[in-house]
Amino acid sequence: MATIIDGKRISSEIRESLRKEVELLKSQGMQPGLAVVIVGEDPASQTYVRNKAKACEDIGIYSEKYELDASITQHQLLEKIDELNSDSRIHGILVQLPLPKGIDEQAVIERISAEKDVDGFHILNAGKLLVGQKGFVPCTPAGVIEMIRRTGVSMAGKHVVVIGRSNIVGKPVSILALQENATVTICHSKTNNLHEMVKMADIVIAAVGRPQMITGDMIKDGAIVIDVGINRVDGKLVGDVNYKEAEEKASFITPVPGGVGPMTITMLLQNTVEACKRTNNI
Ligand SMILES: NC(=O)C1=CN([C@@H]2O[C@H](COP(=O)(O)OP(=O)(O)OC[C@H]3O[C@@H](n4cnc5c(N)ncnc54)[C@H](OP(=O)(O)O)[C@@H]3O)[C@@H](O)[C@H]2O)C=CC1
Ligand SMILES: Nc1nc(=O)c2c([nH]1)NC[C@@H]1CN(c3ccc(C(=O)N[C@@H](CCC(=O)O)C(=O)O)cc3)C=[N+]21
């Protein structure tokens, strides 16, 4: 039976210390501010955005939410970003992805000032991550590494197998694992023998978007299993890992919900506080 890595509990510990930090910053006249921009009416996106706004409020971060109509042009969206870039109350800008068809996501991300890119998606922050310079690290990968760190198991020398190679999860989490001195294998839809690859892993990080595709027979005894997947099946949230099967084999495992999801929001709060501090040369 595996030990559960409780994302909610770890999140509330980190958020408590962030709350104190925000209080101190506020007492010195510096309140961190986050702007969240959402385009269109995807219900799942709206839930996340609501959760983010509430999380900000809970720890004293000032937040603004912009719900823009799906018919907005790319030009109008870029203008909104320019406005937020020059707003001194705003230290972090998050544009909820995916964006409607017809809007160039990369162009929108690149327009966000790198200093306010608390998602860590800007090409400058991606580049800094790759070469090991200080920028902003994407929230989900940062949350994953923090969860592994809290198991007390060192990643050094371990074989980490990541399933998924997206720019927002798979690639950055692989780079972070490498920086922790893990040996990293990145799998994707063209990988031959996925089963054998995953079976070799000391640490499995599943970021695929396919409900329960990582089954118990793919997990080595004693492995750490991190499930990034958020899939809605018959109105319920399920991960990319078959939890029931995997927990029989794993030493540690993250649940869905209550695992990586809450950690993503916590890392967003942390990046926003960090952005405010950097603006003020703290
Ligand atoms: N918990 C959280 O906070 C977050 C959760 N998520 C969730 O994480 C999951 C992944 O998200 P994201 O990275 O954005 O997804 P993408 O769809 O961008 O990437 C999915 C990756 O999985 C790979 N893949 C697809 N099918 C297979 C397969 N059969 N075998 C092996 N690899 C496969 C794809 O390979 P290829 O590149 O070859 O197409 C791709 O690299 C989703 O469930 C998403 O909802 C995402 C962000 C935050
Ligand atoms: N620019 C941008 N940045 C993102 O970080 C971003 C994004 N776009 N687009 C969508 C994905 C997805 N994502 C999640 C965040 C929190 C939960 C989360 O808190 N999940 C809860 C459950 C929430 C529920 O009940 O629906 C949990 O897993 O326990 C999930 C998913 C951030 N994303």
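Glycine is treated like the rest: Cβ placed from N, Cα and C.
Going by TrEMBL, these are the annotated features:
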- 5-119: domain 'Tetrahydrofolate dehydrogenase/cyclohydrolase catalytic' (DOMAIN)
- 138-279: domain 'Tetrahydrofolate dehydrogenase/cyclohydrolase NAD(P)-binding' (DOMAIN)
- Gly164, Arg165, Ser166, Ile230: NADP(+) binding site (BINDING)
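Taking a C-beta cut-off of under 8 angstroms and a sequence separation of 6 or more, Ile230 (NADP(+) binding site) has the following same-chain neighbours: Leu237, Gly239, Val256, Pro257, Gly261.
Counted over every protein chain shown, other Cβ atoms within 10 Å are most numerous around Gly164 among the binding-site residues Gly164, Arg165, Ser166. In the vicinity of ligand 2, defined as a Cβ distance under 6 Å, the following of the binding-site residues Gly164, Arg165, Ser166, Ile230 are placed: Ile230. Put simply, the two farthest-apart Cα atoms among Gly164, Arg165, Ser166, Ile230, the recorded binders of NADP(+), are 16 Å from each other.
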